Amino acid sequence: MSLLPWRWIIPLFLISLLSLYLYFTFRDPIQLPTHKAHNNNQLLSPVVNTISENSIADIDKVRLGFNLFIDKDLSSNGKISCDSCHQLLSNGAESIPTSIGVNGKGIRNSPTIFNIDLNTRFFWDGRAASLEEQIEGPVHNPLEMDNNWPSIIEYLDSNIKYQRLFEKTYEGTISDRTIKDALVHFMRALRTPNAPFDLYLKGDNKAISKVAINGWNKFQSLGCVYCHQGQNIGGNLFQKLGNLTELENSFGDNSDLGRFNVTGDINDRHVFRVPSLRNVAITPPYFHHGKVQTLEEAITIMAKVQLGQELSPMTIVEISAFLNTLTAPRATILEELVQ
């Protein structure tokens, strides 16, 4: 019996050494990866990075796409255009909770059209995988334009202005393919680079205030950046919208099941595409239902339902100041197209 303690001394010593090694090796919190993989076979990019203007390969197609975008006669009642819900002279979105289409009020808030080509999925539930596919939605949706391609093509084919524009760009071919291609050319030109935060990322430390820098640091440390990242600071992944009890307390309604309506997968209940935060300060109201009117309220709700955090008033001010630095000048192409 007297030898028993000695039998355990060496194993216990080794276990203690192993425990110390593991502690000092892994005691630091998990760090945010330097690069994040995107889908669509994009190259790895920094977690948050700047954007540049898209080079315009064919200005005539962009101009045709612009004319189609603002034309209300593409809707069945001649009263709704793409611009009705994605206002080019404002914020690329709309100031009401949900848009009103041909046959009534929609169920979701219209996101901004600016920088849309940086998203990897489209609509709040991500049901479209490309800009071309996305166009089909509002064209056919009875709560949006409520139309069809044969009627649209017949209208365009009878219009002298469009006959000339399509002749110049698609050798006179007016089809759903050429219409969508022109619209995509236009939408890809709607980037808004050179926000103050972009300038800060490029090395100009005076481009944003110290309060905004504190907000950016807290945006990272709280974990907001895990979902809102990439060039568009969002728009490239899906996330479940938080604790449902908190959602009911904050919104009073959580009936929209999000991506579940597309996939039928129980795990996709209340899953939505993470929105871009570029120009977010000028695109209220917020969330998929447009029920939140102020940026500060949106910050407070997201911290509570998504992160389980009650933020101090100062932290809310700082994060709001950071998000305001994501507001950029309008896309330069609009200066040329909008007369």
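Heads up, residue numbers simply count up from 1 along the chain you see.
Positions of Cβ are set from backbone N, Cα and C atoms, glycine also.
Just so you know, TrEMBL annotations never went through curation; they're auto-generated.
Residues or ranges marked as transmembrane segment by TrEMBL: 6-26. Look at TrEMBL and you will find 60-160, 210-327 tagged as domain 'Cytochrome c'. The heme c 1 binding site annotation in TrEMBL covers Cys82, Cys85, His86. According to TrEMBL, the feature heme c 2 binding site maps to Cys224, Cys227, His228, Met302.
Feature map: TrEMBL annotations on the structure.
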{"residue": "Cys82", "record": "heme c 1 binding site", "Cβ contacts under 8 Å, 6 or more apart": "Leu68, Phe69, Ile70, Leu74, Ile113, Pro138, Leu183"}
{"residue": "Cys85", "record": "heme c 1 binding site", "Cβ contacts under 8 Å, 6 or more apart": "Ala93, Glu94, Ser99, Gly101, Ser110, Pro138, Glu144"}
{"residue": "His86", "record": "heme c 1 binding site", "Cβ contacts under 8 Å, 6 or more apart": "Gly92, Ala93, Glu94, Ser110, Thr112, Ile113"}
{"residue": "Cys224", "record": "heme c 2 binding site", "Cβ contacts under 8 Å, 6 or more apart": "Met302, Leu307, Ile319"}
{"residue": "Cys227", "record": "heme c 2 binding site", "Cβ contacts under 8 Å, 6 or more apart": "Gly234, Leu237, Gln239, Val274, Gln306"}
{"residue": "His228", "record": "heme c 2 binding site", "Cβ contacts under 8 Å, 6 or more apart": "Phe219, Gly234, Val274, Ser276, Leu277"}
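Averaged over the domain 'Cytochrome c' (210-327), the predicted model has a pLDDT of 90. Other residues of the chain with a Cβ within 8 Å of the Cβ centroid of Cys82, Cys85, His86, the heme c 1 site, are Phe69, Ser81, Asp83, Ser84, Gln87, Glu94, Ser99, Ser110, Ile113, Pro138. Compute the center of the Cβ atoms of Cys224, Cys227, His228, Met302, which mark the site for heme c 2; besides them, the chain residues with Cβ within 8 Å of that center are Phe219, Gly223, Val225, Tyr226, Gly234, Val274, Leu277, Gln306.
Here the domain 'Cytochrome c' (210-327) has, by DSSP, the following mix of helix, strand and coil residues: 58 helix, 10 strand, 50 coil. Applying DSSP to the domain 'Cytochrome c' (60-160) sorts its residues as follows: 40 helix, 6 strand, 55 coil. Overall, the recorded heme c 2-binding residues Cys224, Cys227, His228, Met302 cover a maximum inter-Cα distance of 12 Å.
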